[in-house]
Each structure stands twice: as structure tokens, then as C-alpha cells.
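So the structure is just underneath, and the comments pick up after that.
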């Protein structure tokens, strides 16, 4: 009988030792994952609900260039989309950006829904009105070359026999919302008692003519016939509203040289640190300023800074540094913004209208190039590249810098009227050879730079009105 008792005593001693040996191993394989999964669930559930509350503070309103808009307004808009409290930043993968959180554990794959998700309130988010497609609009156009007398001859495509009329029957549709068509009555009420200046080259003038034509359904303005169109003012007496144009080729001071070739290949002296006085001396009296430029920077230039020549473009003169067109363009934009930001007591709104690409095919403008398309591109059929891409990038960069520096003038508001992508899709919207008589001898025989009226440029005023109605909106990221 002693043998079993001896075995029992030995077993009572050895069994606890075995348990002490394997217990840590069992804990590592089973106990710790269970504890980790439970504690992580509690932590994520708590942090998710707090993140959803605090996430609006992550919005950056001061830096502006992205493809999204955001507002705290509770009032719905015709082009709002619902979304939850979490800001869905495509560049961020933080946990609070997910509606459902995925956690792996030893027990399998758990889908964890943050606490109080059902209590989240819907907010309204403004979409990017500049990202979209052209869609058919059988109701267009809203004026003709007979109802509007402001159309420049070179953009009067119907008068000069353009055979296809489909280019007029499109409207811009943003991807995630709707863009209301231009309402001339609403526009004139918003700008009642104000002044609006367009500063730029002939494409800026093209924009002004489009606006005047759209407003002609309400009122024809009184213009000073003694003034050259490039520096003209139009007065809408009923609304006490004035439109003015300031012609400037480069935004900064430019002088055509007396030596060298003449015509479109003539040289200009460009003073990169001096704004063009034709607009800089008068612009402070306006409430709205729309600035634009671009086409004139791709021609022969001598560049000056502080009255000293620092280089040239397309000059090929021994001993003179040949720089790129975009160097001059960047400096000119920076000087322009610096001038406007430095205006004393100016509290208006300044719009940078971005570059509208030309569409020459088969050669350059002076080498037989033409634009014969009759339909818009889809957004997946073409892309911005080369000089157009670099020009647009410079505009975004300089706008961002100016927006950062505008705190010196608290009342001034900078806005980006980004038409580049939507106009890239409209190779069919140019006059081509239908801006003059066939036998006329003109410098730009096939015009693939300017835009027919009526035509796609009318949508720029859809944007302008929408932005005037929504002054509190900022582009979120650049």
C-alpha cells in the first residue's frame, strides 16, 4: 500500500511544477491576445466617438487649393452632398477616417463599429465645382450674336459662317454636385452698387464680353464710346454696377523694343518687379478684381529686375542668359499679388482666373496649326501636360503663397477661379478660321486661343456667380 501513496506524493509535487512551466506559454498563446483584443476594442470605441466630434477642427481654411470645398453652414444647397462628421481626406489613413474599424485577434477577424455612430449628424459638404464633365444642354445658348452687340468680331463665329452649332449646346457638370446656370438677375443683385475689374489680355476681354452678353437679358450697359475697348467701362445704371477692363499683356510693366523683328515676334522688355501702371494705378477703387494672363509669356522677352537686365527668353544673344518662360511668369504673378496685397484699405475680392489652354493641332499658331474638333473631350480622353501643366502649377503655387501672406490685409479675400481643366476639354470651342472673312489677312488666321461667343467661356460666369454667392467657401488643399 505504500507504493501508491508514494506515487501520489510525487504527483502532488510534480504537477504544480508542470503547471508553473507551461502557464506562461499558455498565456502567450491565448490569454494575452484576448486581453489585447478586448482593451483595443474599448480604446477604439472611445477614441472613435471623440474623433468624430473633434474632426472638424482639422479643416484648413487658410490654405486653399484642393478638389474639395467645405462649409459649416447648415443651410442646404442645390449642389450639396451629405457626409458624416469624419473628414475623408484621401491622403490620410488615420483610424477616425473609417466608418468601420478592422481588428485582427486570435479569435478571428472582428469588424468593430465605433460607438454612437447612429448619433452622428449629417453635414453638408461643398464639392469641387471645377472637377467634372461637359454634358449636353439643348436649351443653350442664352444669347446670340444678334441679341448681344458686345461680341468681338474675331469671336463672332456664327457671323463668319461656322457650320456646326453643337459647340454652343453644352454645360459644365461637376462630378459630385450641380452647378446652377448663370442667372443675370441674381448676379446683378449681388453686385449692386459695386465695381468689377478684369485685368489681363485678350482672353480676359473675351470673358468680359461673355459676361456683358449674359447680362444683356436684363439690361444693356452704357459704355464710354470714346475709350478704347481694352480700357473701357460699362455702367449698369439700374444696379449702379460698373465693369471695367484693363488691358495688360504681362501684368507687369512691358515695353516693346524698337530694335529687332516686328509683329508677333517682336521683343518686349519685361520689368519683373514693377506692376503694369495701367491697372496698378487704378485698381484700388474696385470691389472685385479678376486677374489672368499667360499667352504673352511664350514669346521673345528681355527680363529686367531693379532696372538691370537679368536674362532673356528666345533671344539667343551671346553673353545674355536664356531663361525659361515660366521663370518670368512666376515672377510676374508674384509682383501682381504683392501689389494687390499692398493696397491700402483695400477690402475687396480678388480672383485669379487660371490658364485656359489653346488647342493647336498639326502645327504651331504660325505654322498652319488648327483646331477642327466639333465635340468636347471626356475627362479620361486627355490630360494636362507640358507647358500647360507647368503654367497651371505656377498659378496654384503663387496663389497659395499670396493666400498665406494676405494676413497683412485682413479684409481682402483671394479666390481661385480654376478653369484650366474644364477648358482643356473644349477643343471645339475656338473660332478657328471663323473669326474673320476668308480673304482677310490677319496674324492669327486659325484662332485656337480665344473662344467663340456664345460658347464654353460662358461657363466661367456660372463659376463666378456661384463663388460670389458662397463667399465663405475655401478650397481646402493645394
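Glycine too: its Cβ is placed from the backbone N, Cα and C atoms.
Checked against Swiss-Prot, the range among 10-30, 31-51 recorded as transmembrane segment is 10-30. Break the motif 'DCXHWCLPGXXDXWN motif' (447-461) down by DSSP state and the numbers are 6 helix, 1 strand, 8 coil. In the predicted structure, the motif 'DCXHWCLPGXXDXWN motif' (447-461) carries a mean pLDDT of 97.
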